[in-house]
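> Below: one structure in structure tokens.
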Amino acid sequence: MVSPAIKRKSEHLSGPDSKKPKGGSITAFFGAPKPKPLSNQSTSTPRSSSFDKAKWVASLTPEQKELLQLEIDTLDESWLAHLKDEVVSTEFLNLKRFLKKEKDSNVKVFPPEEDVYSWSRHTPLHNVKVVIIGQDPYHNHNQAHGLCFSVRAPVRAPPSLLNIYKGIKIDYPDFESPPDNGGLLIPWAERGILMLNTCLTVRAHQANSHSNKGWEKFTQKVIDLVARVRTNGVVFLAWGRPAGTRVAKINKEKHCILQSVHPSPLSAHNGFFKNGHFKKCNDWLASRYGEDEIIDWSLVPSKKPLLAPCVSDKENSTALTNKVPVEPPQSAKTEVVKVQPGKVDEFDDDDAIEALVAAEAAENSSNLV
């Protein structure tokens with residue numbers, strides 16, 4: 001369970017009393033227009049009060065109702081209101097028929113059914129302020145639970161996530177990784193970070209096994225939906241070329257797009273640790289919405305405030321205060337994870353690495369056509 005202390009910063013971009021943005025230098029640096037005062041604007045996507053879920057369900061055919069029972073039961077209504085036409089499309093229904101065939105054949109699929117859309121419930125559409133784009137779910141037991149990069153206890157954080165912790169530590173030196181290198185990222189999701197894999201299911205022990213079945217089109221609709229309805233802007237973190245293609249058409253004048261190599265041990269040393277994305281993300285949110293809306297990256301129960309370091313580079317000369325309290329260090333300092341031939345980690349995220357390589361290979365092949 002997530003402690004109340006971790007959940008304390010649950011207010012998101014909602015309400016008419018959002019602070020006026022401060023200075024436009026950060027915004028200009030990232031290519032966005034000089035921010036306008038938001039005090040008289042709603043920074044939240046309105047809940048779709050016009051969506052009558054019961055009426056929509058009643059309009060479905062018996063087969064549609066059977067195929068879409070998971071969406072009806074577990075896809076948060078804030079998302080379903082906008083995706084209701086997509087889920088009855090021919091492509092999506094064919095995807096659901098494929099998944100039904102897998103289930104009827106006793107094929108083990110991850111994450112568990114009830115977690116496939118957990119991203120939608122932990123981060124309702126009207127709360128999204130950051131999007132992290134992943135690839136394939138982890139394909140071993142007790143790992144995937146519907147949020148990219150996240151794993152449940154007692155599974156320890158895989159190498160890619162440990163490298164993400166390292167990146168945060170560089171931007172915020174007081175950051176401490178969770179006890180026992182835990183990897184549960186639900187607190188981030190509840191603070192407005194949409195952690196979305198581009199493929200939402202996978203066969204057990206078979207990375208990328210559900211790719212090109214229809215999930216990619218659906219999750220692209222999710223990404224495009226965020227870009228369209230979160231009109232005051234969000235931050236997209238796209239790590240790796242496949243993720244970069246997902247945000248290629250997003251309006252960079254409205255949103256902040258931060259791209260770099262993937263945090264996988266295969267690529268992290270080629271620029272991930274120097275990308276400064278976690279600080280840049282908060283700089284942009286502070287400039288657009290005010291410092292009260294920056295992301296609390298802490299994953300440790302709170303005791304002391306976590307302060308952002310002063311920025312020394314010329315482009316970003318503003319020092320921000322991250323109001324996230326954290327405990328004093330309780331675990332060993334996070335190490336940068338490297339691939340070492342012959343060494344087997346206690347939790348090896350070969351699933352994520354294989355999926356990343358496969359996705360990049362597929363992208364390269366399509367570019368040659």
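Heads up, the Cβ atoms here are built off N, Cα and C, so glycines get one too.
According to TrEMBL, the record shows the following:
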type: ACT_SITE; residues: Asp136; note: active site, proton acceptor
type: COMPBIAS; residues: 1-10; note: compositional bias 'Basic residues'
type: COMPBIAS; residues: 11-20; note: compositional bias 'Basic and acidic residues'
type: COMPBIAS; residues: 39-49; note: compositional bias 'Low complexity'
type: DOMAIN; residues: 121-285; note: domain 'Uracil-DNA glycosylase-like'
type: REGION; residues: 1-51; note: region 'Disordered'
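Neighbours and distances for these, please.
The secondary structure of Asp136 (active site, proton acceptor), as reduced to three states from DSSP, is coil rather than helix or strand.
The average pLDDT computed for the domain 'Uracil-DNA glycosylase-like' (121-285) is 97.
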